[in-house]
Structure formats: structure tokens, C-alpha cells
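What TrEMBL lists as site 'Important for autoinhibition of adenylyltransferase activity' is Glu48. As annotated by TrEMBL, domain 'Fido' applies to 99-235. According to TrEMBL, the active site annotation covers His178. Here TrEMBL flags Asp182, Gly183, Asn184, Gly185, Arg186, Thr187, Ser188, Arg189, Tyr214, Tyr215 as ATP binding site.
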Amino acid sequence: MILDFKIFTSIQEKKKKIDEVRPLSKSLVNKIREQVIIEWTYNSNAIEGTRLSLKETELVIEQGLTIKGIPLKDHFEALNHKEAILFLEKTIKKGNIKLDSFLIRQIHRLILYKIDQENAGKYRDVQVKISGSSYLPPSALEVPIKMRSFDKWLKDSKNKRDLIDYSALAHFKLVNIHPFIDGNGRTSRLLMNLILMNKGYPPTIILKSDRPKYYQVLDFAHKGNVKPFIDFIGKNVERSLTWYLDAVTPEKRKEGVDKWQLLSQIAPKTPFSQEYLSLLARRGRIEAVKKNRDWYSNLKAVNEYIKNK
Ligand SMILES: Nc1ncnc2c1ncn2[C@@H]1O[C@H](COP(=O)(O)OP(=O)(O)OP(=O)(O)O)[C@@H](O)[C@H]1O
Ligand SMILES: [Mg+2]
């Protein structure tokens, strides 16, 4: 296993806790699911540069509204991403998933639907560059061969690797080949989540605010050092579990030091200012989750930090 052992243990503990509160009520599951679809779509498309805000994304995908001043393409991107998530859910429900380039192309076809029909679901026939990165993906000619060996890797590693390593490496390997003219990032994040969700994990959302870090660890990976990327994904899986666990825990059970609160509510009960807690949260020094624009943490997490400082 490449993933940091501390992150691994924490993921296991949280996943166990989530499994313990199952089965969840249908209405709660639906509420969480809707929110996750919006947050995932917003963040994944925002990494790519869409201009829709979180609220606008919700209006577009939940109510079919058109936002004035925003290009049609951005609307399709939001709608397509939601369709792609629904496709993942259907695929998981059907069971017996065959993870391969055929499935990856099906996802990609949904992502570029109506945006670039000619290239949707098809490998590129030109060289691409990744802006901001010195890494040059393989030539168009090599793409089909590389994808075939990726298929083999997906199949051979499925039961041999730890789940987080496997899902993160699948993401990395796909952006490393960069088989499509556009939409590689979104497709890779969907593939990673298909793997995770299929094992009962909530979707892992890479936040727009984490884009610089995400690109940096991908760059290390292209240079041969995959560990920082896997740890980065691991931390994101852990954060998504924390968020999910909080959402499924009944209010009455959330008391005392375990209670998740806004940093402004916690700060007066700690030696730190809200700003400092926010810095610690952003740097991942205290356990914290971001919901909408606000950071949440709990007193236990701050006490842990003080203890281990
Ligand atoms: N060093 C890097 N810097 C930036 N992106 C990288 C790097 N290495 C790989 N990538 C991947 O390339 C993706 C961008 O490729 P592309 O434009 O085809 O995908 P996209 O889905 O349109 O955009 P995005 O992934 O940004 O949403 C990034 O999201 C990231 O996953
Ligand atoms: Mg792009």
C-alpha cells in the first residue's frame, strides 16, 4: 500500500462508522445525494474553469434554469456532469462492473455531449498539452496502445491493491495518458469515484480551492513520484467521509466535543482565533470540513492538534 498509514486507518474507522448507521432513511439519502451531485458538479467543473457558481449550478441542474450572461457551454457542462453521475449510479446498481476503456469512453461521451459531438467518447487524433505543466502526454498514435495496457492494469490490479491506491492510480494513469482532446480531468474524477462508490464510499470531491495542490501533486506523479498524489486523494476521501458521517448522524447524537461547529463558534473555546483555526483547517492541520463557503470542525479535533503540536 502506498497510502499513508495514518490516513488509511482514519478512512477505515470512518467507513466503519458510516456502515454502522446504515440503513439510512430514504429521504435522508436523497437529500444528501442531491447535495453531493451539486457540490461535485460545481467543483469538478470549476476546476475546469466553468463560470457557474455553486448556487447557479444548483439552479441549472435542479430546475433547468438558464443563467443570464453565462455561455450555453457552461450549462451543458453542468447538465452533462449530472448525467454522468446518474450513469455511474446506474452502472453500480446493475452490478458486475467491467472497468475498462469502453466504460471510460461512455463516461466521456456524456461529458462532451452537445459540446463537442465529434470528439465525445473518442480518443484524440492530435497531440495535446496540459497547460501549466511541463509533462507532455503520449502522441495520439500511442493512445490506443496505452489505453489497452491501462485496461489490463485495471483488471489485474482490481483485487490486488488497496482501494484508495487503486482508485487514485486509476485517476492518475488516465490523466497521464490524456486520451481525449478535452474532459480528461472530469472523466478521471468520475472513474475514480465509480471505483470508490462501488465499494460503498461516498463520492470524493476535489475542491476548486485545492486546484493548485491537485495540479502540483499530479506533476510529481508524472515525474514518477505517485505518493503525494495518493495521499492527497486519501485526505480527500477522508474529508468526504467526515462530511458524510456528519450528514447522516442525527442531531441529537452530536453533542459535546464531537459536535461539528463553525470555526467562529469553536474559536472562543480554544486558545486560537477564528482566522488561525481557518488557516489550520485549510492546511489540513486540524480535522475540518468545508460546507458551502464555511469551515466546520470540532473541539476534539482542536484538542488533538494541541496535544500533538
Ligand atoms: N500537472 C498538471 N497540471 C494540471 N493538470 C493536470 C496536470 N497533470 C494532469 N492534469 C490533469 O489534466 C486535467 C485537465 O485536462 P482536460 O482539460 O482534458 O480535462 P477537463 O476535464 O477538461 O478539465 P479539468 O480536469 O480541469 O476539469 C486536470 O484536471 C488534471 O486532472
Ligand atoms: Mg479542459
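All residue numbers here begin at 1 and follow the chain in the order shown.
Cβ coordinates are placed from backbone N, Cα and C, and glycine is handled just like the others.
Listed in sequence order, the recorded positions among Glu48, His178, Asp182, Asn184, Arg186, Tyr214 whose CB lies under 6 angstroms from an atom of ligand 2 come out as Glu48, Asp182. Helix, strand and coil residue tallies for the domain 'Fido' (99-235), in that order: 82 helix, 0 strand, 55 coil [DSSP]. Taking a Cβ distance under 6 Å to any atom of ligand 1 as the criterion, the recorded positions Glu48, Asp182, Asn184, Arg186, Tyr214 reduce to Glu48, Asp182, Asn184, Arg186. Calculated from their C-alpha atoms, the gap between Ser188 (ATP binding site) and Glu48 (site 'Important for autoinhibition of adenylyltransferase activity') amounts to 13 Å. Tyr214 (ATP binding site) sits 16 Å from His178 (active site), taking the CA atoms of both as reference points. Ranking the binding-site residues Asn184, Ser188 by how many Cβ atoms sit within 10 Å of each one's Cβ puts Ser188 at the top. Note: Glu48 (site 'Important for autoinhibition of adenylyltransferase activity') has non-local neighbours Glu77, Gly185, Arg186, i.e. same-chain residues 6+ apart with C-beta under 8 A of its own C-beta. The record assigns Asp182, Gly183, Asn184, Gly185, Arg186, Thr187, Ser188, Arg189, Tyr214, Tyr215 to the ATP site; their largest pairwise CA distance measures 18 Å.
Counting in whole angstrom, Asn184 (ATP binding site) lies 6 from His178 (active site) by their C-alpha atoms. A 10 Å cutoff on Cβ-Cβ distances gives Asp182 (ATP binding site) a total of 18 other Cβ atoms nearby, all chains included. Mean pLDDT across the domain 'Fido' (99-235) comes to 97 in this model. All protein chains considered, the CB of Arg186 (ATP binding site) has 24 other CB atoms within 10 Å. Taking a C-beta cut-off of under 8 Å and a sequence gap of six or more, His178 (active site) has these contacts in its own chain: Arg124, Val128, Ile130, Pro137, Pro138, Asn184.
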